[in-house]
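Undergrad: The structure under discussion is supplied below as structure tokens; questions concerning it will follow.
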Amino acid sequence: MNIPYSISKSALQSQQQKMNHVAHNISNVNTTGFKKKDVQFSELMHNAVTEQDVRFSENADPLSLNTGVRIAGTKDSYGQGGLTHTGDTYHLAIGGNGFFGIRNADNERLLTRDGAFHLNDTNQLVNDRGDLLEVNLTVPADQWAGGTVSIDKNGDIISLVNGQSTVVGSIPLFLPANSSDIEPAGTNTYRVAEGADLLIANADQGGVGSIMSGYLEESTVDLAQSMMEMIMSQRAYSLNSKVMQSTDEIYSLINQFT
């Protein structure tokens, strides 16, 4: 193995992937409920240097050469994002660790922190893609009387008609036992791993968090930090490109004398 080339190549590939992830974060800086992705690096295996490679002096410590670096994986940052007040009853934010449950066109349950919902023509709470928010109804949606609707911190949907309030449903929250039990499913949603434990509870119970009506959760992407990470990755990429170029020049020079 040509170790200098291997190290530079692995670094170029890893930094390119890092820049791709950072660019993805930056593009979602204004996406409601988006959780930034942190890139984790790990070293490739070490090659031991033996006496066949180089003569050791007496009592010399064993040597090994690192063969490069790779992307070990990405981890979503599930910290609480900032809150933006919209005043829209059906704009919901979660204060805590839980997720909203939605059903897509295939009736697959997905989890999301994006609480930008609205009522469709049949009084169902949906997002802009038409995915249905999971709601436990006590009064069928098509039987809701006209009036003012509010949603409290417990997720109860309350209809107020002529001074009479009626709980017509409640919004449950979902919390996986471990963050590793969910994986990104695209469009700012997560898919629950098969067989994973999933807590389903009313808001403000079981540690799932509370619901804040009239608010939306902001992205956890820090634009300034992401720009700094992009600049550092670009410089690291450029440096390793120059290392590879210099290595090629050195080997070309050596070949002239062999």
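Note: Cβ is positioned from N, Cα and C throughout, glycine not excepted.
Feature annotation from TrEMBL assigns domain 'Flagellar basal body rod protein N-terminal' to 9-35. Under the heading domain 'Flagellar hook protein FlgE/F/G-like D1', TrEMBL lists 93-157. Among the features that TrEMBL reports, domain 'Flagellar basal-body/hook protein C-terminal' is placed at 212-256.
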Undergrad: Tell me, what is the mean pLDDT of the domain 'Flagellar basal-body/hook protein C-terminal' (212-256)?
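TA: Within the domain 'Flagellar basal-body/hook protein C-terminal' (212-256), the model's average pLDDT equals 90.
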Undergrad: Would you kindly list the residues that approach the domain 'Flagellar basal body rod protein N-terminal' (9-35) from elsewhere in its chain, counting only those six or more residues past its ends and only Cβ-Cβ distances under 8 Å?
TA: 41, 44, 67-71, 74, 76-79, 81, 93, 112-116, 188, 216-221, 223, 226-227, 229-230, 233-234, 236-237, 240-241, 244
Undergrad: According to DSSP, how is the domain 'Flagellar hook protein FlgE/F/G-like D1' (93-157) divided among helix, strand and coil residues?
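TA: Split into helix, strand and coil, the domain 'Flagellar hook protein FlgE/F/G-like D1' (93-157) gives 3 helix, 27 strand, 35 coil.
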